[in-house]
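Per TrEMBL, the feature transmembrane segment maps to 6-27, 39-60, 80-108, 120-137, 157-177, 197-216, 236-256, 268-289, 295-312.
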Amino acid sequence: MISDIFKIFLIGSLAFVPILIWGYIFSYIDNSTLNSRRFVSWIIAGWFSVVPVLYSEQIYSFFSASFLNIFELIWTNWNFLYVIISLFFLTLIIATILFLTSLIFFKWSFDIFKIYWKNLVWISIFILIFAILNKIIPNIWFLDMSISSPASIWKNVFNTLGLIILYYIIIWLVEEISKHFSFLPSSITEIDSVQKWVLLATFIALGFGFIENILYLYNISIDRWVISGDFATTLIFRSIFSLFVHIFCGVIVWLYFSKAYLFFGKNFYFYTKTFLFWLLFSITLHAIFDISLTLWFTPIIFIYAIYGYLYITKTFYKEEI
């Protein structure tokens with residue numbers, strides 16, 4: 001028990017170092033009185049984005065709802081309707097928990113409440129798109145090829161290219177909606193410049209990265225000493241490249257959500273098209289990154305690092321949204 005507590009404390013300390021470094025780089029811009037509360041709320045949101053992935057088996061078993069385990073459903077290519085119901089309730093649970101949590105940190109208005117739940121309805125459209133993909137992808141012959149380094153969530157082993165694609169889409173859907181629903185109550189009222197959007201995207205990534213690193217690193221260190229080759233490699237990789245991809249994809253989502261919110265807020269069609277397209281684009285970018293690494297295509301790291309840096313720098317120095 002004491003050794004586990006010490007291990008968690010050590011992992012938490014190591015995981016916080018890159019947060020301090022990245023945070024220092026950007027913090028000089030943020031003079032908002034809400035910045036500390038935002039960071040705490042985003043750490044909580046990060047928890048709720050990672051836990052449903054790493055501990056899905058126990059969560060669904062606890063509620064006697066294993067038949068709605070989304071990873072089980074896509075692994076077995078199960079009923080179309082079950083996939084929709086599973087993803088919708090997973091999204092609803094995350095949005096509700098983050099809504100209740102945000103009441104502790106931020107003041108709510110009726111306008112924010114409407115935006116919050118309106119976005120939940122629009123994300124349901126993406127859920128429908130995923131359910132369709134879940135039926136199509138397994139039937140594409142070249143996506144049925146086996147891969148040498150499969151991903152697994154408990155007994156569910158995703159060992160073909162098609163299953164890996166579906167697996168990572170789910171992970172980044174959960175993560176992006178968690179970021180989005182934690183962002184709305186904390187920052188929607190402060191849309192005043194592109195620089196602020198880049199800054200907020202960065203801090204959200206840091207909050208998520210902190211709790212993600214703790215949970216992933218703890219899983220690696222189970223039944224072994226903390227300091228190991230796998231542990232050190234994972235810590236370095238997640239502290240630099242994973243956090244950067246979080247920032248990159250976050251900037252894309254919130255920049256174009258801001259455009260949808262400011263320019264098309266009263267036009268259902270253009271709002272939906274703008275928001276969902278760039279949400280899908282961000283999730284696709286994130287999934288491509290992880291799928292490429294799963295297939296040992298490591299040059300993707302440098303491609304994302306170079307293009308992401310250029311994109312964020314260009315975006316940051318725009319004068320208007």
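Cβ from N, Cα, C; glycine included.
Highest Cβ contact count with the transmembrane segment (157-177) among the listed stretches 80-108, 120-137, 197-216, 236-256 falls to 120-137 (criterion: pairs under 8 Å).
In this chain, the transmembrane segment (120-137) does not touch the transmembrane segment (197-216); fewer than three CB pairs sit within less than 8 A of each other, excluding pairs fewer than 6 residues apart.
The stretch from 80-108, 120-137, 236-256, 295-312 that makes the most Cβ contacts under 8 Å with the transmembrane segment (268-289) is 236-256.
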